[in-house]
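Quick look at what Swiss-Prot lists:
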type: ACT_SITE; residues: K34; note: active site, proton acceptor
type: MOD_RES; residues: K34; note: N6-(pyridoxal phosphate)lysine
type: BINDING; residues: R131, M301; note: substrate binding site
type: ACT_SITE; residues: Y253; note: active site, proton acceptor
Amino acid sequence: MRATTATIDLGALRHNLNLVRQRAPGSRVLAVVKADAYGHGLLRVAPGLAEADGFGVLRLEEALALREAGYRQRLLLLEGIFSMDELGAAAQHGISVVVHNAQQLAMFEAMAAASVKPISVFLKMNSGMNRLGFKSQAYKQALQRLEACPVVADVSLMTHFATADEERGIADQLKEFDAVTAGWHHPVSLANSAAILRFPEAHRDWVRPGIILYGASPVSGVSAASFGLRPAMRFTSEVIAVQTLEAGDILGYGARFTATQATRVAIVACGYADGYPRHAPNGTPIAIDGHRTQTLGRVSMDMLFADISQLPDADVGSQVELWGEVVPVDAVAEAAGTVGYELLCAVAPRVVFKVTG
């Protein structure tokens, strides 16, 4: 069997969840598991996050899968509902819903009170990111309309920060949110991963960790390890062939690499069809038998190349870490000009997944 494997470490997930609790000891934790748990597999990771106070998902189907698997804590649809049928299903299964636009609000008002169990709602403010949510001048009226709906059990308040991971920080958005909601007595959820780590003033009643649960960094240029995080995914394969190049020999499609001296090259069973970034350049970090080295040439559909000139023991069958413990996913992402989030979410269905811990 082809060796390309993603191993999910439940112990690392538990560790990272505990770190969130240490950072925000007064807050409940809504573990964000959208996008199939950032590519790790929703029902694979759920046991490692079972002590979370709730789960944030994108699609109703994800919430129903968690309910069917026996998870009884709060489930929150982060984009809300898109039809009256979805609203009814959310009510039936005790799923909380974000409301971020007038159309969703109107659906709540149109739902007959006797037909569903009351639903917990998170009302989203657009405090400056300009993606989802009611602008500040419309926010109070939206709250009043929701609270007048018989199908609404309770309302929490939320917003999302655009630059919690950057030098600009959250001050402007936090000021906007606090000014509008001053004197209100509702549970509040503000902090994403970066804000959990950097801005304790935003922790409030609920925090919403995402990428940090999976052991990657939300802050460019700052390692996950420096925050005490552990990688939840180890993406591995093996060497399936070795070639020795002479000076002047080219390597792979497009001749992206030309040897300037004798070079030993490992051919690794992993390519862009497995989720490795095709645009990763020469020099992207990779580990062979636990030793860090670098890629060479262009990534192809099923294979990539690694320099083993300084690893005389490396040969066919040697173990390869694409990212994980020796090579953080953020290091590969930085070399490829992207973010760890994208790489984790892009691991392909043909990769074998295993669970440990």
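Using the three backbone atoms N, Cα and C, a Cβ is placed for every residue, glycine included.
Sequence features annotated in Swiss-Prot and their locations in the structure.
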{"residue": "K34", "record": "active site, proton acceptor", "DSSP (3 states)": "helix"}
{"residue": "R131", "record": "substrate binding site", "DSSP (3 states)": "coil"}
{"residue": "Y253", "record": "active site, proton acceptor", "DSSP (3 states)": "helix"}
{"residue": "M301", "record": "substrate binding site", "DSSP (3 states)": "coil"}
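Comparing local CB density within 10 A for the recorded positions K34, R131, the maximum falls on K34. If you draw a 10 Å sphere around the CB of Y253 (active site, proton acceptor), it holds 11 other CB atoms from the protein chains shown. Across the fold, the C-alpha of Y253 (active site, proton acceptor) and the C-alpha of R131 (substrate binding site) stand 40 Å from each other. Cβ neighbours within 10 Å of M301 (substrate binding site), excluding its own Cβ and spanning all shown chains: 11. The two recorded residues R131 (substrate binding site) and K34 (active site, proton acceptor) have their Cα atoms spaced 17 Å from each other.
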